[in-house]
Amino acid sequence: MEINGEADLKSPLLECPNDVVITVSPPNQNLNKKIRTLVFKVLGITCSSCVASIEAALGRLDGVQSVMVSVLQGQAVVKQKMIKEAVEDTGFEVAEFPEQDIAMCRLRIKGMACTSCSESVERALLMVDGVKKAVVGLALGEAKIHFDPNVTNTDRIIKAVEEDAGFGVELISSGNGLNKVYLKLGGITSRDDLTVIESSLQSLEGVNHVEIDVQEHIATISYEPDIIGPRSLIQCIQESGSGPSTYQAILYTPPRGGETERQQEIIMYRNQFMWSCLFSVPIFVFSMVLPMLPPYGNWLGYKVINMLDIGMLLRWILCTPVQFVIGKRFYAGSYHALRRKSANMDVLVALGTNAAYFYSIYIMIKALTSESFEGQDFFETSSMLISFILLGKYLEVLAKGKTSNALAKLTELAPDTACLLTLDTEGNVISETEIDTRLIEKNDILKIVPGAKVPVDGIVIDGQSHVNESMITGEAMPVAKRPGDKVIGGTVNENGYIRIKATHVGSETALSQIVELVEAAQLAKAPVQKLADQISKFFVPTVVLAALLTWLGWFIPGQAGLYPRTWIPTAMDAFEFALQFGISVLVVACPCALGLATPTAVMVATGKGASLGVLIKGGNALENAHKVKTVVFDKTGTLTVGKPTVVSSVLFSEVSMEDFCNMTIAAEANSEHPIAKAVVEHAKMLLQKHGSKNDHFTEVKEFEVHPGAGVSGKIGERAVLVGNKRLMRLFNVPLGSEVDRYVLENEHLARTCVLVATEGTAAGAFAVTDPVKPEAARVISYLHSMSISSVMVTGDNWATASAIAKQVGIQKVFAETDPLGKADKIKELQLQGTSVAMVGDGINDSPALVAADVGMAIGAGTDVAIEAADVVLMKSNLEDVVTALDLSRKTMSRIRINYVWALGYNVLGMPIAAGILFPFTGIRLPPWLAGACMAASSISVVCSSLLLQYYKKPLRANTA
């Protein structure tokens, strides 16, 4: 009898004959590579010949180690598309093919200065095996990476950035937005204690991952908030100790890397600038000031050895620390840039300062060895150039820190503590406990007193109040809250006492999702950024070539005597004179301003939008929104309030009112449409009015939704239809003159008629009204003033749609359109060459939102994770449509101004630095002043973007 191997022990007792198991490993496999077994179904296997053909096809693929008809479990690195195609090429169909695992991490990248830097990091990340997508944000200083965890991990990704791109890296987060809690462990005496705690936590249902820092004794736990919460995790740790071992766990707050890193960067540049000034100011005084103030500067001319005087010696001694100690960051940046075959600002600064410093060293050596040599050194050029650039970087990081102020304010909205209530079975309060907000679990009952912040998203279960939601939705007026109403974490309770039940905690809260959405938007590149990316590829080589040509252009004519000798300052020769122009060209050119023009504006605009309740999903959405010429509005819930009410009901047959209402409730109970809910509510009220106390309704069978028409189903043996005239026509239900007259009268009053039919006959109808939003007409008028046309598209009938359109001032209407038909109408408008925005409530408008150039989900409230929309409007106020479009226009205008400034600066600055004005005006740009101009250009672009913080909404809600 054969002894079973480990693989046999893992094999299931019953194997499916149609399962194919492939153990795949990459080429040049080593022990560090993981192996994964893919199990998927292949349909149509009938014999061993089929198996052989599949095994042969898969065996030829690179990385496939073995193929067998079995169900073994393991791990592998797999190129899924190749495997799937190989099987399909043999004539078999692949089913239940496993999706590839994708993990996500965010990194903080230190030291990026321009577009060339961010592109280098992006290239280094994309070259890592297993990385699927990498986005690097220059202004934010972060990278977001999606990767296959079976191929690579965060350590390899960090190593790639550090070694291949040469930038400092810090891990911000890893995982796919899971809820995490950080706990500091106490009572740990050995590694065994940590193992016990880890095992206890991993055995809990709902715990996804446990990671423990052995040195710091900090546990990072990812968990499912629907199943378990942080208090249960702490309790588990405390209970895992036995005998003399007692463990404790308290919440740990990891340092906020972004803010800490920014402060450290500001302090670093400030200190470097101060140190450089300590050396540069004396150099400037010794070379520029004292020589012009005899007899105070005469001592600088005393000779030490041959022609080497005290002034030159002091300038060399003071300049060297600035060049090689304080300025070493430019050498390091240049080395890493050239190593990855690119060039950035550091290369230009290093070339310029080295040219000045080493030429000065040459002059000093000549003076030291000669009894008659006279020459001028440029030590002050090198040191002052570095000082001015460091000053510029210091002011730049100060300004860049303010671009993310709006996001920082959002993250600080949630309160630190909350009041947790413990209730008995009758709802009486047993105890009140103040706990950390991070310890709140789902379904906790929390007490909110007047003036207190709501800690997490929840639903009011007791009490009444008004809540100020302006910090989340931008809504100026406090919103009334009663039992059953939702509240958002971070908002402020104004004047009443309320109890809430927590419904969303941790990363699921609206506030967390808003922050995540804005962060993603600030990382996303706008298409207009491509201009800076293209320029950055050849910018530095072009500048170096221009500097070389400038030097030759002044040196050769100077040597040949083609321009007057009087142009050259005293104690300089043609070489030195030309060298100053060349260095000025090197250091005046600034690629940083170009790189910062777009991302800083996008950062400020998305942050400002978030504070106004308008969430814009990145630069692409911003750029598309500014081109919009047509806005398509849905009717129900968008142009109208979205809370329909039934104003009348009528019977057309012998069916009793009770039977009529019961049929309607049963059929519409499963529908999520606002009109359906209004009809059900009215029908229940009618039943109560007629004395019926029946709370149990017959369940509908064969229920079917007909988009844009209504619903159908069977109640008992009767077929029931509830919907509009289109549904009746679809099922060939005849409508008499009485029905037509009732429908026509109500449609002219902008009401929607819901018809109920049973057994092929119209039984009755409900007239539903949904009032138009008060601001609708004003918004349509303002859009017209912005040269934007408005269109309404709805599933409602033509008469009602036309009446609503007339009220708000819309000329073009598409009625009786189903959800897919709405998307088709948008495509028709796009074919006419117009850029289209779609505004919908996100319930049945997803196809249209996706089809539009810009999809706007209005009235999202706490549901901010609407995938289909490019712009999420937190309130149901139509004025935010104008705000989104106007903000996008202002942002793109600001980006253009930034580009004009950055490009114009370089186009004008380089010729002036090259001396184009010197023959006519005698004006030339010394290298140290050129360096100051370069620093000023970056600061000006960032400050220009910061002006978007003062953006005001073009329309204000009526508060009367």
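Backbone N, Cα and C atoms are what each Cβ position is placed from, and that goes for glycine too.
TrEMBL entries are annotated by machine, without manual review.
Per TrEMBL, the listed range annotated as transmembrane segment is 377-395 (candidates: 35-53, 54-72, 377-395, 852-870). Proximity of distant same-chain residues to the transmembrane segment (347-365), defined by a Cβ-Cβ separation under 8 Å and at least 6 residues beyond the stretch ends, is recorded for 308, 312-313, 315-316, 319, 323, 327, 330-331, 333-334, 337-338, 375-379, 381-382, 385-386, 389, 540, 543-544, 547, 576, 579, 582-583, 586-587, 589, 927, 931. Residues 300-301, 311, 314-315, 318-319, 321-322, 326-327, 379-380, 383-384, 386-387, 390-391, 394 of the same chain lie 6+ residues outside the transmembrane segment (273-293) yet bring a C-beta within less than 8 angstroms of a C-beta in it. In this chain, the transmembrane segment (377-395) lies apart from the transmembrane segment (899-922): fewer than three C-beta pairs between them fall below 8 angstroms, excluding pairs fewer than 6 positions apart.
Counting same-chain residues at least six beyond the ends of the transmembrane segment (928-948), those with a Cβ under 8 angstroms from any Cβ of the stretch are 349, 352, 380-381, 384-386, 388-389, 391-393, 395-396, 399-400, 402-403, 583-585, 587-590, 592-593, 596-597, 600-601, 603-605, 608, 890-891, 894, 897-898, 901-902, 905-906, 909, 913. Residues of the same chain lying 6 or more positions beyond the ends of the transmembrane segment (538-557) and with a Cβ under 8 Å from any Cβ of it are 116, 343-345, 347-348, 351, 563, 574-575, 577-579, 581-583, 585-586, 589, 591, 594, 910, 913-915.
Sequence-distant contacts of the transmembrane segment (305-326) (same chain, six or more residues past either end, CB-CB distance under 8 Å): 272, 275-276, 279-280, 282-283, 286-287, 291, 297, 299, 353, 357, 360-361, 363-364, 366-374, 377, 379-380, 382-383, 386-387, 390.
Each residue in the domain 'HMA' (103-170) gets a DSSP state, and the totals come to 24 helix, 24 strand, 20 coil. As a whole-number mean, the pLDDT of the domain 'HMA' (103-170) in this prediction is 84.
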